[in-house]
Amino acid sequence: PAAAPPQRDPDPRRGLASSKLLLSPADEQKRLLENRPDQPQNPRVLRIAIIGAPNAGKSTLSNQLLGRKVFPVSKKVHTTRCKAQGVITHQDTQLIILDTPGLTNPLKAKRHNLNEAMLTDPWDSMKHADLVLVLVDVSDHWTRNSLSKEVLKCLSQFPHIPSVLVLNKVDILKKKFLLLEIATDLTEGIVNGKKLEVKSALKQDSSPSAKSRLHITWASPPESKVPRSSFGQEKNQAQEGSGLNKSSDVGGAGTGEAQGTKPKYHGPEDQKDRKGWPHFQEIFMLAALRGEEVDTLKRYLLMQAKPGPWEFHSDVLTNQSPQEICDNIIREKILEYLPLEVPYGVTQVTEIWEEGECGELFIVQSLLVPRESHKRMLIGRGGKVISRIAQEAGQDLMNAFLCDVHLKLKVEVKG
């Protein structure tokens, strides 16, 4: 067993709500979720599904867009176990981020002890999305030049939903000129109905400043007249630094195609030999972990919002309950400190969740493992591993709930 008495982060902007918590974390979050949205005079809204292969950085990007840690993050795949929503409210606009599990197949789901929801949740999120961000890890040289079969299948099932390609972890890629090849492969050389014209000032330059000199242009299809967009100037400003430049403005927001060209979508049966998706509206290049160019993407998303009522009160940051956030944070640490497939067999059971008179939280959670050897791994020599997990999880919970948290973890072999 281990306790977590670290110091609380005093910054109130890092809590679940932007307002100062006067109630207990559970009561405050419940109140916010039950409150009617405080609708502005002309509300705008955009529901964004973030999809991609496991460990592409979806939760990291979601947290960066939100400005604080709401979703669990680790280097291991399948950290996100269920769909969850994050909420960004800026002036009269509300962005609802649908953070989803990585798209996987039944065989891999069985290997990692994943429930059926891990297979269906990304598809459910797509059904309710106004825009989809397809995240690709460009640091993975095995997968970066083609979209996964699951991602392509998802896009082909929902071709009417505008999609944007986001190349993540560009800071890790030493040879920045490879981004040109990757972008071409993943888009099949077509973006927004226009052919990519790859022109690079980089050549073999791999210096840190090289990304800012990377330019990809795409021209209008022959005999098509693309009118100037009313938001073209704003959009170009939002793309500064993203490494993209256009030879002409696109048509209306959310069209996904240049005017004058009829989109040709491909059904699931056509995806067998495909590597990319030729219907992306835009391409963004960023480093989510370091926050590079995340604001560029965020400004773009705010501009894509359409008139419509807000779904959440402006103080809400996530639709998750405090208990769900607690489980996610502890699981994140377990994934981080246990090797190979071991953490995927851990079952979490909350035995005590009590709120003290001064608003502090007392949490006792049992971690059930299938084998005695796994128990020894999780506890660690002299209890060091479980102590570190409790310490770090407790600190994250304090930062999330803005109250003192006393966390105790117990490890038991499943009966």
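Backbone N, Cα and C atoms are what each Cβ position is placed from, and that goes for glycine too.
Feature annotation (TrEMBL): of 60-63, 168-171, 356-359, the stretch labelled region 'G4' is 168-171. Between the listed ranges 52-59, 316-323, 380-387, TrEMBL ties the annotation region 'G1' to 52-59.
Model confidence over the region 'G2' (78-82) is summarised by a mean pLDDT of 48.
Sequence-remote contacts of a segment are chain residues at least 6 beyond its ends whose Cβ falls under 8 Å from one of its Cβ atoms, and for the compositional bias 'Basic and acidic residues' (27-37) they are 16-17, 21, 94, 309-316, 319, 321-322.
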